[in-house]
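Written below as structure tokens is the structure these notes are about.
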Amino acid sequence: MLDPTYPLFPTFAFLGFVLALVPLPWHLQAWNSGTCFFMVWTALGCLNQFVNSIVWKDNAINSAPIWCEISIRITMGLSVGLPASSLCIIRRLYHIAKVRAVSHTRAEKMRVIIIDALICVLFPLVYIAMQYIVQGHRFNILENVGCYPAVFNTPVTYVVSYIWPVLIGMVSATYSVLALIEFNRHRLQFSQFLHSNSTLSVSRYLRLMALAMTEMCCTVPLGIFVIVLNCTSTPIEPWVSLKATHYWYSRVDQYPAVVWRSSHLVVVCNELTRWLAPVSAMLFFAYFGFAQEARRNYAAAWAWACRALGLPERIATLPTTKSKGPGFAEKFAAKAKGLSSFNVKDFTSEFSSKAHDFTSKAKQYTLPRPMPQTPSSSGFSSSESTRFGSSVDGKELPSPTTKEFSSPIPIHLSGMQTLVSFDSNKDLPSPPAYDVEAQYGPYNIDNRVSYHIADAGVRASYPMGVAYSSDSEHRRINPHATFTSANNDTDEPTSPALPDTPSSCSSSATFSTLQSRDFIVLPSTTDVTRDTGSLPIRRSPAGPPRLPSLSQLFGISSMRAEGRDVEAQVQDVATGTAAPTTTAPAPASTTIAPATTTATAPTTTANIQRGEPDVPTSPRTHRASV
């Protein structure tokens, strides 16, 4: 009788055998014993089923009795080996969720491996040996399936054979519930604990939990189904003695497919049993075969193979950029069509013509690099809002970034240098980066205090729109304030220098001319001069990042102080005696620009909400060569 699952089943069985062993080397290096035992049992099950489906295709002849003796014992061990491996994984995750120290010394690691080996190896071997008690004869051969254990259906069989996969699954389920409870109870300590462990991350923890729970959801229902099927499909014989059970033990029963496929329940039971190993292998590879550590090892293996064969290493490192699509300049120009006062061509012509496209070789860039020199004749300025303490609009300032965020990668597009940071990519270098600096500039035509951007750089990969320094004074530049071109040759006196303090400046319809959706600006202690020179380098402070509220980035219009003279406010800030003031929306500033710069359209909350899409939440900072 033709096998409806051929050649699909042998193909999946062989793929499962290969894929289950692919992640084994780096899991061995990480001493993940429970996961390694899971891979070994899955690979053995797939190999066993692959051989059986090939050798006994369309026949039930006893052509390989020795292999059948080995095959049925692999099947017996697999029925408890997979649940036992899942139990070890869940047990380890439970101890981690309780924020217990993961073993670090060699003796502690060996102790954990020995315990897992007792559960995943010794217990299945004992289980296999116990099957001799209820084994009625050597084995059965099913056409298109292969060798199958022959178990005598007695009450002892349920205690010795059928009940153990279900019991192990129940214990795993208990550990799963306890692990979830502890995970919810100790979330903060749990996160800090995983960050201190180099071999386990939050992503790997969740994937291990998902794998163990998925396997548990497969084996427990299957074990219950086997028990119900054996209780209802065949009569339960009374237990007499071991000698009576082993009467004519040497025989081999052979069943053509037309016989065993005549019962629908038997077909379902046999197919579920033999598909268990390939499905487990596919699930395991889906959880771990595409993770970051897996891709890194694939790249290393490819490089090793190329060196061994004398071939050029085409893929030596992981790709850090996606396939090239529409450029940023084209997207930006399309978005700027609605701004009648903005000319993309005029704006981009003001930038250096030395820009190049580094998109395809971003990984070759290493910080620090020299800061660009800025002409003193023009710059960008912004309205200043009221002085505030440690919060913005009632929201606590987010903390500075940590080493979890990589150093920026330079990309030159249409004369604009943009720095893009990739979230939590530890492969990238992380030397000190440049801060964004701004100098205190002259008054503009609206008699408002402004900052003159002398130079621009990147401090580090911050969440959107906030920068920090070690000074306790907090000031900010309004998000959505109108940025115009300022002339340094004005005869108006400059205000005193401000301390180097945190400020934030998000993009608006006009500030988008900097091609920056989350620009960072810091007031500088340096006075405005014609030759600004290079800016100093400072290390970024450490601390966990946290995103600001969207209202800080998109919902704030330009503000203007009322009831006090602007110059008096500046003096108060310099002396540290400034008092809180009431702010109100400020009118759009009038452009003071060279002939090449056009007037800037007023920015309102409505325009921003209509014109700008949501900013991605990945931390990014940008750098503009002004």
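Using the three backbone atoms N, Cα and C, a Cβ is placed for every residue, glycine included.
Swiss-Prot has this to say about the protein:
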type     : residues : note
TRANSMEM : 8-28     : transmembrane segment
TRANSMEM : 36-56    : transmembrane segment
TRANSMEM : 70-90    : transmembrane segment
TRANSMEM : 113-133  : transmembrane segment
TRANSMEM : 163-183  : transmembrane segment
TRANSMEM : 208-228  : transmembrane segment
TRANSMEM : 271-291  : transmembrane segment
REGION   : 363-409  : region 'Disordered'
COMPBIAS : 376-391  : compositional bias 'Low complexity'
REGION   : 481-509  : region 'Disordered'
REGION   : 524-549  : region 'Disordered'
REGION   : 571-626  : region 'Disordered'
COMPBIAS : 574-606  : compositional bias 'Low complexity'
Seg_contact(the transmembrane segment (8-28), the transmembrane segment (271-291)) with at least 3 CB pairs under 8 angstroms, min sep 6: yes
Region pair the transmembrane segment (271-291) / the transmembrane segment (36-56), three or more CB pairs under 8 Å: yes
Region pair the transmembrane segment (208-228) / the transmembrane segment (113-133), three or more CB pairs under 8 Å: no
Interface-richest range of 36-56, 70-90, 113-133 toward the transmembrane segment (163-183), CB pairs under 8 Å: 70-90
Surrounding residues of the transmembrane segment (70-90) on its own chain - C-beta under 8 Å, 6+ positions past either end: 33-35, 37-38, 41-42, 44-45, 48, 51-52, 115-116, 119-120, 123-125, 127-128, 131, 139, 146-150, 164-165, 168-169, 171-172, 175-176, 179, 208-209, 211-213, 215-216, 219-220, 223, 273, 276-277, 280
